[in-house]
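S.K.: Quick one: this structure, given as C-alpha cells, is what I'll be asking you about.
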Ligand SMILES: NC(=O)c1ccc[n+]([C@@H]2O[C@H](COP(=O)([O-])OP(=O)(O)OC[C@H]3O[C@@H](n4cnc5c(N)ncnc54)[C@H](O)[C@@H]3O)[C@@H](O)[C@H]2O)c1
Ligand SMILES: [Mg+2]
Ligand SMILES: [Zn+2]
C-alpha cells in the first residue's frame, strides 16, 4: 500500500498544493482542519517567517508557513500539536509533527552556530548552510530512551511533577554523549529510582516531536534495589499490579504501548500496535 504521507523537500517557487500555518499557539485550523489551499493561505497577510515544502499527503504537495508572531484569521483558531496527537486522524498528526520539527529547527538555525552569520536554506536538501564558514546544520533529533521495568505481575511506574494529576508513566531520559541507549537506560533508572535492571530488550521506537525527541523503547526486568525517587524529577514511583493500574499516559504514546503490551502478554490479551 502506498503510504498516505511521505516527506520531501519541495520547491517553494512552485504554486499550488496544501499549506499549514504554525504560530506560537500551534496550527491554524478551521472547520475543515489544519490544511488550507496554499495560495489562499498566502493571501491572508500572515506574518510569515519562512516557508518550507515538507512532503506529499495523498499525492498532494504540502507546505508549512512558519509564522513570526501570533496572528488572527477570520473563522479560524489555533490548536497545539498535542491536541492533534491525542485525537483525530493519525496521518494528519504525523504531517503536523514533521512540520513542527522542521519549523522549529529552521527557526533556531537562522544564524550560524559557529560564526554567527545568517544561514541560507540549501536547495533540494533539508539543511541550513553558512556561506561564510561552510557549516551545515541538519534537523535536530534528540535520542531518548524509555523503559518499562517489570517484576512478575508488577510494573514500575513513576510521576514527574510535570504530568497531568494522577497519571503515572514509564521512566524516560535523554541520551548523553558517549553512551549507548542501553547505558542511558541503566544510568537513568539509577538516577531516577535507584534500581538495577537486567534482560534489557529493545521494543520499538517513536518520533516524539515535543520538541524533537526520538524515543527508543525498552523492556527491562527488575534486578535489585529499593525505590528511591530522584528529588525534583520524580514526585512518586511505585510498583503497580497489572490488575490495578493507575491513570496511564495517552494511548498514542510509546509509554502507553510498552505498558499495554506487557499487560496484554501477561493476561493473554490481543497485543497493541505501536503508533508511528
Ligand atoms: N512518547 C512517550 O511516551 C514519552 C514518555 C515519556 C517521556 N517522553 C519524552 O522523553 C524525553 C526525555 O524524558 P525526560 O523529560 O524524563 O528526560 P530526562 O529524564 O533526561 O530529564 C529532563 C531534563 O533533561 C534536560 N534536557 C532537556 N532537553 C534535553 C536534551 N535535548 N538533551 C539532554 N538533556 C535535555 C533538562 O534538564 C530536563 O529538565 C522528553 O522529550 C519527554 O517528553 C516521551
Ligand atoms: Mg526522566
Ligand atoms: Zn558560519
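Here, residue 1 is simply the first one shown, and the rest follow in order.
Glycine is no exception: its Cβ is also placed from the backbone N, Cα and C atoms.
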S.K.: For the divalent metal cation 3 site that TrEMBL gives with 188, 192, which of 134, 154, 233, 235 also belongs there?
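M.R.: Record source TrEMBL; matching candidate: 233.
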S.K.: Any idea which of 85-106, 107-128, 173-194 is down as motif 'Nudix box' in TrEMBL?
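M.R.: That would be 173-194, per the motif 'Nudix box' entry in TrEMBL.
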S.K.: Of the residues 165, 172, 255, 264, only one is listed by TrEMBL in the divalent metal cation 1 site with 192, 233. Which is it?
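M.R.: Between 165, 172, 255, 264, TrEMBL records just one in the divalent metal cation 1 site with 192, 233, namely 172.
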S.K.: 82, 125, 206, 207, 208, 209, 210, 211, 212, 213, 255 show up in TrEMBL as binding substrate; which entry in 138, 222 does that record put in the same site?
M.R.: 138
S.K.: So among 115, 172, 192, 233, all listed as binding-site residues, which is physically nearest to residue 211 (substrate binding site)? Use the C-alpha atoms.
M.R.: 172
S.K.: How would DSSP class residue 207 (substrate binding site) in three states?
M.R.: strand
S.K.: Using DSSP reduced to three states, classify residue 172 (divalent metal cation 1 binding site) as helix, strand or coil.
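M.R.: SS state of residue 172 (divalent metal cation 1 binding site) = strand.
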